[in-house]
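Peer 1: Structure in structure tokens, see below.
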Amino acid sequence: MTEKKYIVALDQGTTSSRAVVMDHDANIVSVSQREFEQIYPKPGWVEHDPMEIWASQSSTLVEVLAKADISSDQIAAIGITNQRETAIVWERETGKPIYNAIVWQCRRTADICEQLKRNGLEDYIRDNTGLVVDPYFSGTKVKWILDHVEGSRERAKRGELLFGTVDTWLIWKMTQGRVHVTDYTNASRTMLFNIHDLDWDEKMLDVLDIPRAMLPQVRKSSEVYGQTNIGGKGGTRIPIAGIAGDQQAALFGQLCVKEGMAKNTYGTGCFMLMNTGEKAVKSENGLLTTIACGPSGEVNYALEGAVFMAGASIQWLRDEMKLISDAFDSEYFATKVKDTNGVYVVPAFTGLGAPYWDPYARGAIFGLTRGVNSNHIIRATLESIAYQTRDVLEAMQADSGIRLHALRVDGGAVANNFLMQFQSDILGTRVERPEVREVTALGAAYLAGLAVGYWQNLDELQEKAVIEREFRPGIETTERNYRYSGWKKAVQRAMAWEEHDK
């Protein structure tokens, strides 16, 4: 009898590293998770220690196998999914980072972005990389590191330094420095990659003065990139066979592989992606054109809207405001009041993402009167997640010409029934919540499993996808539009708050 085989997905997120073991029926067998430190050197700056990312991720891998009581030779393949855009530069020789990882949320490169705009590069960047000029993406972060770490640019030119997003860093560590790769989805988030030619963009490298020698090789999202030797029982060499940025992995995990299918992930931020097939749709409404995974991990395109603060705004209620002791409490308190009593919370703590793209917006609470209590503020914070999602969906429908009939949802916050119902109410659209919540890990597992023949094709996976609950709109159109217009007014007042030259 042959031993039962499994797939392991490594899900390296913004606040924690996770490892998930899945069986052939796409059931979750075991999960391990470790949080790691968020470093805030200055207001608006966010960093991670790359060695801590690696330590937390590698320990979850060992832990999850022990929990599931399986040996490494029972693993058919490993898939990796990761927080995107976060930039790491390290020494080829030692594997030691020359600076902390600059996280996607970090706004320190706003000045570099302003310079790119002044130099008239916005259209070039949008047309060729699919992105808008914003500190969010990796390119300006790499430039910042090379500008600020003495001698680093010369070392990079000599091939002594390497750049990677988190997937690249993990694979480098897992293969003891033998493999320096990324996939198309992660490359498409750097602002250095031409999404039409599917190669690094020479003009962008030139503009940001980033030596090509430090960049990884770019490959498909579903293929064998290299082998890793896991300790634990057996010490077998296991193929690393899938890579996708977290949002593209979630899109694949939701099996949104046909044109016009969309999902929204509610994590630290909120990310809506709509598959546009083999056509790169240029957005006229502040969305990104990005690379997604087709049915067998090949290049498809997608429209994406990124909201920076979703789950993070609930953490703010918990950690900074001390209004709740646990994120799960937010639903309980939000339903203690019948509405927000006219309050809107705009959680623009690090600026606003799609479709506004204003790095100078700041968080604000509007509509406060004497009768407002903490429950109203908690409810308004939850509602802000749904309003921001509607902002993105309206832009997406305008760009694609596709009217969405159902939105597939995933991520931590989808367990909040109040939020999901309000989301359906404010969109006027069905919201579908899947049985398996770990769709980001699922996507990485699917990509890896398909690459090694663990699963034959998507048809085999389709029957495993079960919708656990469907939410339908429960308010009238006039009420929906009235509430949304209040949100739009609040957003306008929060914009352009911070001074540019500070």
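A Cβ is built for glycine as well, from the same backbone N, Cα and C atoms used for every other residue.
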Peer 1: Determine which of TYR136, TYR184, TYR301, TYR332 appears in Swiss-Prot for the same sn-glycerol 3-phosphate site as THR14, ARG84, GLU85, ASP246.
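Peer 2: Same sn-glycerol 3-phosphate site in Swiss-Prot: TYR136.
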Peer 1: If you draw a 10 Å sphere around the Cβ of GLN315 (ATP binding site), how many other Cβ atoms fall inside it, taking every protein chain shown into account?
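Peer 2: Its Cβ shell of radius 10 Å holds 16 other Cβ atoms.
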Peer 1: Distance between GLN247 (glycerol binding site) and ARG84 (sn-glycerol 3-phosphate binding site) at the Cα atoms, whole Å?
Peer 2: 8
Peer 1: Have a look at the binding-site residues (GLY311, GLY412) and report the one with the fewest Cβ neighbours inside 10 Å.
Peer 2: GLY412
Peer 1: In whole Å, note down how far the CA of THR268 (ADP binding site) lies from the CA of ASP246 (sn-glycerol 3-phosphate binding site).
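Peer 2: With the alpha carbons as reference points, the distance is 12 Å.
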Peer 1: So around the glycerol site, ARG84, GLU85, TYR136, ASP246, GLN247 aside, which residues have their CB within 8 A of the centroid of those CB atoms?
Peer 2: GLN83, THR86, TRP104, ARG189, GLY245, PHE271, ALA306
